[in-house]
């Protein structure tokens with residue numbers, strides 16, 4: 001379904017208020033929408049939402065559409081942050097513009113490329129798409145940051161993701177090289193991992209930058 | 001360690017061997033084994049990292065042995081690594097002894113091939129063989145030697161194994177520089193293109209220079225700019241071009257290729273055990289790093305180590321014996337009698353054996369009070385260090401320290417600060433960012449009492465347990481408060497924490513003693529002159545009446561925090577050494593001039609008060625005058641401010657009578 005950008009933004013705001021904050025409806029005044037808003041009309045005309053006493057309610061189709069929209073938005077945020085390294089307000093801003101391009105299967109491709117992330121950079125959940133469910137069923141455990149490992153879990157280092165080349169070299173000097181076996185020994189209060197016969201302690205920030213491939217045993 | 005600074009210039013005839021390798025592979029132990037106990041520790045010129053040098057006789061020839069700070073690769077990142085490489089670059093050692101840990105042979109060989117590739121005269125020492133064998137690893141080192149083309153020696157330097165072989169290899173090293181190492185065709189092409197443009201003369205091979213330039217090594221770029229002169233722009237352009245072609249992946253590609261080379265090198269050299277063997281060390285390590293067992297273990301360590309051993313034994317039993325028995329009862333009366341009978345002049349008598357005499361006061365404090373406390377502390381600290389406990393402590397506290405804008409790494413200077421804050425201030429240089437160093441310096445200056453001070457304060461407040469609690473509460477509160485504020489207010493990025501965890505092992509007595517001895521030696525060279533100086537100034541003050549005036553001038557300040565004016569003397573003492581000041585309070589208490597409340601207020605104010613002169617000088621040296629002065633003013637204001645508030649609080653609440 002092709003919606004206007006403005007309509008998509010309304011759906012997102014509704015999703016957050018209704019699905020995540022538990023409200024029954026969404027007050028269009030929160031977005032400073034005029035009473036007779038074109039995007040609102042577009043949504044009601046497509047039977048996605050219902051306008052009762054000036055408040056917006058989801059219809060079944062609208063809820064689905066809202067989920068997809070919020071998913072695209074948060075995937076766009078991940079892309080800005082993880083791949084393009086655009087952080088903060090600028091990243092949010094760019095994500096807002098970018099999300100509208102993620103139609104017609106582009107979102108699935110992006111999601112697969114980002115390895116089916118479960119949360120956005122702000123820690124909010126990304127509703128899983130069909131591709132995520134499929135990947136999980138196929139047992140494609142994929143590549144995760146070291147922070148996702150359980151203590152005692154063993155894996156193979158896939159890659160290091162950092163924009164700080166000194167940090168990268170430090171990690172490589174410690175034996176954190178793609179292809180090496182790694183065992184997470186402990187995750188609290190600091191991360192301890194073992195490579196070969198050496199043990200290293202690192203903080204959460206560094207552990208997030210080491211990506212490991214899970215090994216099924 | 002300015003007292004024993006040694007310049008790197010040594011006679012040309014003296015042959016030199018440099019020890020290089022990762023941190024924690026036993027370089028210093030090997031250094032001690034080669035040189036005997038004779039060590040001169042020096043600052044490396046222009047930096048503040050230490051380099052130890054010592055002399056050895058190897059095959060009837062005199063050698064100088066240089067122990068370098070730990071380095072992970074020839075391409076350097078940290079200050080310490082830079083210094084280590086400087087030595088290779090500037091001092092052109094005749095032999096480079098690469099020491100590595102047998103258990104991590106595969107990982108650490110990456111540096112060996114870099115050293116060989118740089119054309120340096122390398123001897124490889126595969127150290128810590130004993131522990132590797134205990135873990136079930138076995139090695140075919142003659143195969144490795146054949147593949148590398150350099151001498152490879154198995155050693156366990158802590159057990160004196162392999163020392164003779166190492167000496168033989170040093171003496172007999174010919175000019176052969178190891179077998180050539182080749183990379184992929186793509187990388188080889190890049191190397192060739194860059195080294196073609198290197199026409200100057202370098203210590204490292206052109207191949208190694210090319211690789212370092214491609215890795216963006218600033219120092220090496222500077223060196224090349226200097227050597228190539230007007231040819232340099234063309235070289236820089238070439239490097240930029242290749243760097244652009246390979247973009248981000250150059251470091252990774254290079255590391256992966258080296259990893260591959262090493263994998264081929266060690267094939268058939270190492271045989272692994274079928275199953276990972278649990279040693280008692282690894283079990284203890286597990287206990288030490290889990291909060292549930294680690295924190296009780298930490299408290300136990302502190303209780304027995306600091307409180308029982310340093311506090312009770314060092315500051316109690318030993319001080320009572322040395323100060324009380326030897327000095328007060330035997331030595332001081334004897335020397336006073338002797339000298340007063342011998343010297344006719346009253347002023348000289350006063351200077352030597354008077355109330356503030358160099359011998360009766362200076363020497364008594366230095367030897368009778370400070371020596372036993374500091375010695376016991378350094379023994380304790382060296383044991384922790386050798387057992388491999390400190391990195392584990394660091395990871396345990398990292399999360400908490402992040403609140404102060406510090407990483408867990410700072411726990412090492414902090415703990416050392418309980419021994420000697422001056423030495424700890426120097427050690428803050430091992431922290432990665434300037435921000436961390438400043439915060440650590442501030443906290444050391446403010447809230448960490450050194451062992452001498454701690455010993456005296458524990459003894460002082462022993463009879464007022466409430467006072468001790470108030471003192472501990474004040475110190476903890478201010479430490480956390482100032483730490484959190486500093487972490488919030490000082491600009492800069494949050495520190496990152498990474499640390500290698502060396503295996504836990506039983507400390508070796510000889511090693512602990514050597515370390516303690518070296519630290520004691522440094523401590524005494526630094527402080528004994530200050531004790532003498534303090535005595536002289538006090539004496540001057542007394543015979544000129546200046547002291548009286550200073551005490552009077554400080555009286556309002558003392559009254560402000562509810563103390564008798566005699567306490568001013570302790571504070572003036574305190575300026576020369578913090579522990580000296582605490583010892584001054586001890587005198588006041590023995591004379592019955594202070595009650596519980598006053599004692600507590602005085603102890604708190606004095607602990608917070610200006611760091612001792614030595615620490616202040618070290619701050620100046622390490623942090624520069626701006627930061628040091630700011631810390632100085634802040635600490636003084638906070639000390640007296642807190643003293644005032646605490647006194648008001650105690651008076652109103654009548655908490656301590």
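Cβ coordinates are placed from backbone N, Cα and C, and glycine is handled just like the others.
Taken from TrEMBL, the feature GTP binding site covers B:21-28, B:46-50, B:67-70, B:127-130. Residues or ranges marked as Mg(2+) binding site in TrEMBL: B:32, B:33, B:35, B:36. Annotated domain 'FeoB-type G' per TrEMBL: B:14-176, in sequence order. The transmembrane segment annotation in TrEMBL covers B:284-310, B:330-349, B:361-383, B:403-427, B:439-462, B:468-490, B:522-541, B:599-620, B:627-646.
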Reduced DSSP assignment, residue B:50 (GTP binding site): strand
Residue B:32 (Mg(2+) binding site): tally of other CB atoms within 10 A of its CB: 23
Chain-internal residues, separated by at least six, CB under 8 A from residue B:24 (GTP binding site): B:70, B:101, B:500, B:502
Mean per-residue pLDDT computed across the domain 'FeoB-type G' (B:14-176): 86
The transmembrane segment (B:599-620) and the transmembrane segment (B:439-462) contact flag, 3+ Cβ pairs under 8 angstroms: yes
Pairwise CA distance, residue B:128 (GTP binding site) versus residue B:36 (Mg(2+) binding site), rounded so that it is a whole Å: 20
Proximal but sequence-remote residues of the same chain as residue B:33 (Mg(2+) binding site) (Cβ under 8 Å, at least 6 apart): B:157, B:160, B:163
Inter-residue Cα distance where the pair is residue B:32 (Mg(2+) binding site) and residue B:69 (GTP binding site), in Å: 15
Candidate with the highest Cβ count within 10 Å, taken from the binding-site residues B:27, B:35, B:36, B:50, B:69: B:27
Inter-residue C-alpha distance, residue B:35 (Mg(2+) binding site) and residue B:27 (GTP binding site) (nearest angstrom): 12
Spatially closest candidate among B:21, B:27, B:50, the listed binding-site residues, to residue B:36 (Mg(2+) binding site) (Cα to Cα): B:27
Recorded stretches the transmembrane segment (B:627-646) and the transmembrane segment (B:361-383) touching, at least 3 CB pairs under 8 Å: no
